[in-house]
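Student: Just dropping this structure here.
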Amino acid sequence: MTNIRKTHPLMKIINSSFIDLPAPSNISSWWNFGSLLGICLVIQILTGLFLAMHYTSDTVTAFSSVTHICRDVNYGWLIRYLHANGASMFFICLFLHVGRGLYYGSYMFMETWNIGVLLLFAVMATAFMGYVLPWGQMSFWGATVITNLLSAIPYIGSDLVQWIWGGFSVDKATLTRFFAFHFILPFVIAALAGVHLLFLHETGSNNPSGLSSDADKIPFHPYYTIKDILGALILILVLTCLVLFSPDLLGDPDNYTPANPLNTPPHIKPEWYFLFAYAILRSIPNKLGGVLALVLSILILAFIPLLHTSKQRSMMFRPFSQCLFWVLVADLLTLTWIGGQPVEHPFIIIGQLASILYFLLLLVIMPITSLFENNLLKW
């Protein structure tokens, strides 16, 4: 008799995705982040669901409802901090996952990569709206500043901003709709992740060498299930340590002050995972130019497959490209640091140089270096 997992309509989908899936025998721990992102999403949906049971999306009671969750709800503080720090873990995994894709040429799977870029935008939008919900000072002013950027769009800009606000400023209507979108988007993300996997399984996984691994495949279970469990345990350990020992390490103290439209905080800045994009936005003196640079800083990922000039897929055997990749990583860390600094000398010029270098590396230097490497190998 054939095993039920191979015949049952539902079971065979799971079987072909997580059990009998042929996987390359040489994929490293950098391939763990897909499953870790899935775990992060499940953690965020579950903790978010329990938070939504006690949260009220009204400007008068939003801040005190979060206080109520932390003080009066059984383990409410734990749920709240798991959710807040879970977002940080989500973005750490996301950045590492995207970095892995860039390094090993996984972007050559065009459909998978483009859905991944779409997922990145969706997660960033969700995180931004979630940050507004506690209705602290940084929530309110962050929402005001970022939504106001849309007014830079010619002709329709100011109407668009008022349409998003649901009034003439960030107020009750804005908070209510942000809560609604923040609740629904994770389910859209889950559906998109399913499509992401669907396209990945059409081609099979890439591997560190960037060469075809069709001749050497192993079943996903038990080899990679056990490997993913190890990754999951490390993720949960780090998240638990963060939540239990220093839950506010990555947060902003200003968000413990209730939102006050009459009092602007001295330094308005987003959560740490948006700082690199915020630094790029601030490095351009023109408003519309800044908004375009902000969008392009992420959208540029969609053009990476078109900029691939190397005859090799992975950077594993390309030392010059490897050096440039790590320069790009250092540049992004510099931008993250600058995004959290006040707008004054010397931070302005450092931010501008780092922003120029970011776009130059991806659009010009790396493609030219790839051509140079082809030439070295007489390809």
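If you go along the chain as it appears here, the first residue is 1 and each next one adds 1.
Each residue, glycine too, has its Cβ placed from N, Cα and C.
Taken from Swiss-Prot, the feature heme b b562 binding site covers His83, His182, and the record attributes it to similarity to another entry. Sequence annotations record features per position, and here Swiss-Prot assigns heme b b566 binding site to His97, His196 based on similarity to another entry. Annotation comment: Swiss-Prot describes His201 as ubiquinone binding site, evidence class similarity to another entry. Per Swiss-Prot, the feature transmembrane segment maps to 33-53, 77-98, 113-133, 178-198, 226-246, 288-308, 320-340, 347-367.
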Student: Determine which recorded stretch among 33-53, 77-98, 113-133, 288-308, 320-340 has the most C-beta pairs below 8 angstroms with the transmembrane segment (178-198).
Tutor: 113-133
Student: For the transmembrane segment (320-340), could you work out the same-chain residues 6 or more beyond its ends whose Cβ comes under 8 Å from its Cβ atoms?
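Tutor: Here the qualifying positions are 99, 102-103, 269-270, 272, 274-280, 282, 310, 347, 350-351, 354-355, 357-358, 361-362, 365-366, 369-370, 372-373.
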Student: Measure from the CA atom of His201 (ubiquinone binding site) to the CA atom of His97 (heme b b566 binding site) and give the result in Å, rounded to a whole number.
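Tutor: About 17 Å separate the Cα atoms of these two residues.
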Student: What's the CA to CA span in angstrom from His182 (heme b b562 binding site) over to His196 (heme b b566 binding site)?
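Tutor: Distance (Cα to Cα, whole Å): 21 Å.
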Student: Same chain only, please: residues at least 6 beyond the ends of the transmembrane segment (347-367) with a C-beta under 8 Å from a C-beta of the stretch. Say none if there are none.
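Tutor: For the transmembrane segment (347-367), the sequence-distant neighbours (Cβ-Cβ under 8 Å, at least 6 residues beyond its ends) are 279-280, 282-284, 293, 296-297, 300, 304, 307-309, 321, 324-325, 327-328, 331-332, 334-335, 338-339, 341.
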Student: Whole-number Å only: compute the distance from the Cα of the residue listed as 'ubiquinone binding site' to the Cα of His83 (heme b b562 binding site).
Tutor: 30
Student: Would you mind listing the long-range same-chain contacts of the transmembrane segment (33-53), meaning Cβ under 8 Å and 6+ residues beyond its ends?
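Tutor: Residues 69, 79-80, 82-83, 86-87, 89-90, 93-94, 96-97, 100, 182-183, 186-187, 189-190, 193, 228, 231-232, 235-236, 239.
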Student: If you count the C-beta atoms lying within 10 Å of each candidate's C-beta, which of the binding-site residues His97, His182, His196, His201 ends up with the smallest number?
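Tutor: Each of the binding-site residues His97, His182, His196, His201 was scored by Cβ atoms within 10 Å; lowest is His201.
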Student: Please list, in sequence order, the residues in the chain of His83 (heme b b562 binding site) that are at least six apart in sequence and whose C-beta is under 8 Å away from its C-beta.
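Tutor: Spatial neighbours, sequence-distant, of His83 (heme b b562 binding site): Gln44, Thr47, Gly48, Leu51.
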Student: With Cβ-Cβ distances below 8 Å as the criterion, list the same-chain residues six or more beyond the ends of the transmembrane segment (288-308) that contact it, or say none.
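Tutor: Hits for the transmembrane segment (288-308): 98, 102, 105, 107-108, 110, 113-114, 117, 120-121, 124, 149-150, 152-154, 276-278, 280-282, 355, 358-359, 362-363, 366-367, 370.
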